[in-house]
Amino acid sequence: MQTTLPAVPTPDDAALWHGGRLYLADQRLLPDRAEFLALDDAPGVAEAIRAMVVRGAPAIGVAAAYGVVLAARTAYRAAGPAWHDAITPDLDLLAQARPTAVNLAWAVRRMAGLIARLDAADPEPALLAEALSIHAEDRAANRRMGDLGAGLITGPTDVITHCNAGAIATGGYGTALGVIRSAYAVGKVRRVYADETRPWMQGARLTAWELMDSGIPVTLQADGAAASLMAGGGVGWVIVGSDRIAANGDVANKIGTYGLAILARYHGVKVMVAAPTSTVDMDLSCGGDIPIEERDPEELLSCGGRRLAPAGCAARNPVFDVTPAALVDAIVTERGVVLAPTLEKMRALMG
Ligand code: MRU
């Protein structure tokens with residue numbers, strides 16, 4: 001728990017519980033403005049997740065866990081000892097805020113498991129302790145994945161990353177950016193090429209901001225520039241995070257990751273997916289079963305408030321795609337590394 005609230009959010013302090021409220025760095029404003037948004041109730045947290053105030057699979061799980069704490073407070077104030085029934089609508093609201101990242105449902109399910117074991121007394125202290133644990137465990141998992149992922153890289157090499165899988169997309173340190181941080185620290189990464197990541201520009205706005213803040217050399221490139229960069233040589237790895245990994249090792253991640261993995265295979269570049277086991281969904285046999293979020297086409301038709309396409313132009317805006325396991329060289333989790341993932345290997349990992 002945070003005793004003092006920093007004046008502005010930093011990459012590693014983008015979600016904080018302070019004074020009974022949840023503070024989230026408003027990621028829609030970064031890097032121009034680093035500002036916290038304070039949240040007091042679960043519907044507010046659900047809306048913050050939907051509207052991309054907080055984004056990135058593990059980070060929305062952490063935010064939802066704190067959202068359950070706020071839901072419990074509301075339910076206990078309204079219903080007293082009958083709070084168990086009163087909390088259910090808020091749990092559903094949180095779990096359904098976005099569909100693809102399974103960390104969200106995972107976190108709400110874990111909090112609901114504790115709720116089922118609690119008695120009629122005020123649930124907030126116990127639920128807050130659990131939310132803080134989820135947050136701390138995610139940070140620790142990222143550190144572990146950083147070490148494991150860095151161990152796979154024989155450098156020095158350049159790497160490409162897509163979207164933002166950094167500290168602000170997680171409980172801290174980052175998944176893909178955690179691996180990059182750890183590998184850079186031991187001289188294995190020379191430079192990071194960050195895809196800008198249309199249409200939300202997570203690469204341009206967030207990954208570039210985080211890596212520059214950490215003093216790690218970063219060069220921004222248009223999403224379509226990855227092929228010619230790989231053809232030129234020097235790039236050893238594509239390193240990305242994930243929103244959901246199916247039982248057979250198929251990986252959902254930000255739209256464009258699939259294309260990047262195809263390019264990587266063609267050019268002999270390896271693909272590493274760094275994600276905690278809270279991202280693995282053993283209930284789904286393959287990536288085709290992963291629900292892919294479709295967002296408002298307006299996100300594509302305009303940029304920074306300026307309309308790009310002619311009025312009336314149709315647009316499709318799936319914001320994730322699925323990379324088949326066959327194109328993934330390594331899945332790195334806090335429990336260990338799975339090389340060339342298959343159903344059997346994923347089962348062995350998950351136990
Ligand atoms: O739509 P977003 O910004 O939530 O998408 C995020 C991603 O695709 C990340 O790569 C993924 O969540 C891994 S974050 C550690």
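Note that Cβ sites are derived from N, Cα and C of the backbone, with glycine treated the same way.
Here the structure is a predicted model, which means the values were calculated and not measured.
Now, the feature entries from TrEMBL:
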| type | residues | note |
| --- | --- | --- |
| ACT_SITE | Asp243 | active site, proton donor |
| BINDING | Arg55, Gly56, Ala57, Arg98, Gln202, Asn253, Lys254 | substrate binding site |
| SITE | Cys163 | site 'Transition state stabilizer' |
Which residues of the same chain, at least 6 positions away in sequence, have a Cβ lying under 8 Å from the Cβ of Asn253 (substrate binding site)?
His162, Cys163, Val240, Gly241, Ser242, Asp243, Val273, Phe320, Asp321, Thr323
Would you list the other residues of this chain near substrate - those whose C-beta lies within 8 angstroms of the C-beta centroid of Arg55, Gly56, Ala57, Arg98, Gln202, Asn253, Lys254 - in sequence order?
Ile60, Ala101, Cys163, Asn164, Ala165, Ala169, Gly241, Asp243, Val319, Phe320
Report, as a single number, how many Cβ atoms besides its own are within 10 Å of the Cβ of Cys163 (site 'Transition state stabilizer').
29
Including all protein chains displayed, how many Cβ atoms other than that of Arg55 (substrate binding site) lie within 10 Å of its Cβ?
25
So if I draw a 10 Å sphere around the Cβ of Gln202 (substrate binding site), how many other Cβ atoms end up inside it?
27
Out of Arg98, Lys254, give me whichever of these binding-site residues has the highest number of other Cβ atoms within 10 Å.
Lys254
Which residues in the same chain, at least 6 apart in sequence, have a Cβ under 8 Å from the Cβ of Ala57 (substrate binding site)?
Ala101, Val102, Asn103, Leu104, Ala169, Gly241, Ser242, Asp243, Arg244, Ala275, Thr279
DSSP three-state call for Ala57 (substrate binding site): helix, strand or coil?
helix
Restricting to the record's substrate-binding residues (Arg55, Gly56, Ala57, Arg98, Gln202, Asn253, Lys254), give me the longest CA-CA distance in Å as a whole number.
17
DSSP-derived structure type at Asn253 (substrate binding site), helix or strand or else coil:
strand
